[in-house]
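Down below is the structure, laid out as structure tokens.
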Amino acid sequence: MVVQKMSIRSQFKMPKRLVVKIGTSSLIYPDGQLNLKTMDELAFTLSAVQNRGLEVVLVTSGAIGVGLDQMHLTKRPVEIARQQAIAAIGQNELMAILNQRFASYSQQIGQILLTHDVMDYPISKKNVLNTFEQLLLMGAIPVVNENDSVSVDEMDHLTTFGDNDQLSALVATAIDADLLIILSDIDGLFDADPHTCTNAKTIPLIDEITEAVVNLAGGTGTRFGTGGMVTKLKAAKRVINAGHQMVLANGEDPKIIFDILAGKSIGTLFAADC
Ligand SMILES: Nc1ncnc2c1ncn2[C@@H]1O[C@H](COP(=O)(O)OP(=O)(O)O)[C@@H](O)[C@H]1O
Ligand SMILES: N[C@@H](CCC(=O)OP(=O)(O)O)C(=O)O
């Protein structure tokens, strides 16, 4: 048997403050069942990382996916109000499961529901940042999702409903996190959509989001995911512009975070050339 030694990234900087975003496609199986294994491993890994002295924030999707399961629905409804109602049901259950899993590792969590435009208003931004700082000071892990029942794509709301990739980048840059890890159902950024192109290969390092890079991105590959690669690249651009790093990796086993933090060459690292 040939054991391949994974190479260590020379560009990777060990973070002090980490944001991890996990997508619906990692939390819900393709048949709509909840992926309790991943949820448990996520709680274990983040608790262990926090326990070793890193400040950790979790941005989690899954409210709609969990809500569909709760309501025994197989399809996401088209009507926005129905999606919002299902998210309201699912968010409760999602937090109940996460709370229980984190509690089993003696890790306190605190829920923060955000809309993308919160950071545009100085007073709401200050209040939100104060909440993050206090939770982190208390050793708690802030658990963030979009406030789905008030997020709509119209008038004074500036972004589309349901984009936690960009929300995670917004949070990461606002709280000055050194690293954003986006966990999805794919191993990284591929040179073509891996679900439609069998020869597609992962790209280990991207130092700039050029037009050519943007052109590699397709939409979501699952019934439950929303943004696909397009929103992940927008997130990467925001993080790179703020002088920080982002890693996109497969969230099937969140213990992969230990290897990412050890600098191993896993997934795609987005980092500007120093
Ligand atoms: N160039 C690409 N490289 C990797 N994945 C891609 C690419 N273009 C499109 N995708 C799709 O993006 C999907 C991940 O996004 P999404 O389904 O929204 O997941 P999540 O729920 O984790 O946000 C992949 O499963 C894949 O089908
Ligand atoms: N706020 C929505 C998530 C929207 C979203 O961005 O989903 P995903 O593409 O799976 O990260 C929910 O919790 O279902």
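Every residue gets a Cβ built from N, Cα and C, even glycine.
Any TrEMBL annotation is an automated prediction that lacks curation.
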Matching residue for the substrate site, where TrEMBL names Ser61, Asp148 - out of Asn130, Asn164: Asn164
Assigned conformation of Met229 (ATP binding site) - DSSP reduced to three states: helix
Coarse DSSP state, helix versus strand versus coil, of Lys21 (ATP binding site): strand
Length of the line joining the Cα atoms of Asp148 (substrate binding site) and Asp185 (ATP binding site), in Å: 22
Other CB atoms within 10 A, centred on Asn164 (substrate binding site): 28
Lowest local Cβ density (other Cβ within 10 Å) among binding-site residues: Ser61, Thr231: Thr231
For Asp185 (ATP binding site): DSSP state (helix, strand, coil): coil
